[in-house]
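If you check Swiss-Prot, you get these features:
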- 194, 196, 207, 259, 262, 294, 307: FAD binding site (BINDING)
- 40-53: disulfide bond (DISULFID)
- 42-51: disulfide bond (DISULFID)
- 90-398: disulfide bond (DISULFID)
- 99-104: disulfide bond (DISULFID)
- 99-138: disulfide bond (DISULFID)
- 104-109: disulfide bond (DISULFID)
- 215-248: disulfide bond (DISULFID)
- 401-404: disulfide bond (DISULFID)
- 340: N-linked glycosylation site (CARBOHYD)
- 391: N-linked glycosylation site (CARBOHYD)
- 430: N-linked glycosylation site (CARBOHYD)
- 1-29: signal peptide (SIGNAL)
């Protein structure tokens, strides 16, 4: 009888096991069939670390308020031209990576197309810019990563006037790069940030140098999912975040800024991916598979959602900087000079509208939490902070894809300008309406970089909404 009971219990036990297995299989199957959006975004919600702001507040503020205004602003003449030297050699290692990247091969142009052999203004003429007429073989072979440096005659002449106007102002700082004969103005609207085919070991080397050498991290602590690490431990993520949580808020913020910038760049590449490339046309659009590879919690061992939350962190930092710099731009003596008085007035009105919106954001990052300890230690930490960021900006000259290099330079300078603003509160408060030299000044280059960089971050936040909708169908 006891034996029979045991057999009955064992039979019931087996039945329960089978039933549980079926339920578990069904649960896993249901999880696999659940929206891919949940795996990417379910953890990207609520409050951000070291902040009093939540993701949902940023989404609503950006997507339905600030984003469209920023897009209109950076499309204006003042903000669409950025001066960059894309020919500087990498200062850290010998770099020939751009020669080996697919679709980035440099082919010689016919002699009559080489700049300098014809009058300097030739490439800005109507003849040289007829996009749909006699296109030579060199043009047909234009690389995805090539930077379109052509400017109209009107734009070229306007640049000279803009420079003269800037030279008459009291420049707070002058970048050596702008004075280089290799520095050229680039039309950002002609060179959108998007997928170029630049990937693999070369890009890993860039980001590895940024994270490993400039984010205050000891070599003993392994960064999760580092593709250049030969051996990976199961607990590397836990060890890394235990180390990160133990840092002072300033160093932790530095890492999260770089991670957020990295995430933003990846989002742009996924949102503007080359989906179809034929001899007839190129089709660009959202690549959900690429997005999942970078941000799906399952595919990234939980890293993806952390990266996305860091995007919101850098958004808060740059938004705070823009709100703080309002006194600089609202002075009547400040002009967004392009030579077209009517458009310049309209652009400044739009700029002030953006700045006022930024000021009225309800849950700003509190920059007073940074560098608030012992004055001597805080000063040293701030200088370390600045030097590390300068190193990162230099690494941009090692990027093998010229279009990637362009946007890397712009976005690092934009973030650097935002940090400069946050560290200059007293100087900004002491600004006056007069044209007398002041301790705080932004050059045209810094202004263009600041707002274009923030527009890129704003676009990334908006694109998350688009990807969330697309992934709900996957």
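Every residue, even glycine, has its Cβ placed from backbone N, Cα and C.
Features per Swiss-Prot, on structure.
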residue	record	CB count, 10 Å
42	disulfide bond	12
51	disulfide bond	18
53	disulfide bond	21
90	disulfide bond	17
196	FAD binding site	21
207	FAD binding site	17
215	disulfide bond	20
294	FAD binding site	19
391	N-linked glycosylation site	15
404	disulfide bond	27
Tell me which of the recorded positions 259, 340, 391 ends up closest to residue 90 (disulfide bond) in space, Cα to Cα. 391
Entry from the recorded positions list 259, 340, 430 having the most other CB atoms no farther than 10 A: 259
Reported as an integer number of Å, what is the Cα distance between residue 248 (disulfide bond) and residue 401 (disulfide bond)? 35
Name the residue among the disulfide-bonded residues 40, 248, 398, 401 whose Cβ has the smallest number of other Cβ atoms within 10 Å. 248
With an 8 Å cut-off on Cβ-Cβ distance and a minimum sequence separation of at least 6, pull the same-chain contacts of residue 194 (FAD binding site), or say none. 268, 269, 271, 272, 273, 274, 284
Whole-number Å value for how far residue 307 (FAD binding site) lies from residue 51 (disulfide bond) (Cα to Cα): 16
Please identify, among the binding-site residues 196, 207, 259, 294, 307, the one with the smallest Cα-Cα distance to residue 391 (N-linked glycosylation site). 207
Among 53, 207, 259, 294, these being the recorded positions, pick the one whose CA is nearest to that of residue 404 (disulfide bond). 207
Sort residue 40 (disulfide bond) into helix, strand or coil using the DSSP assignment. helix
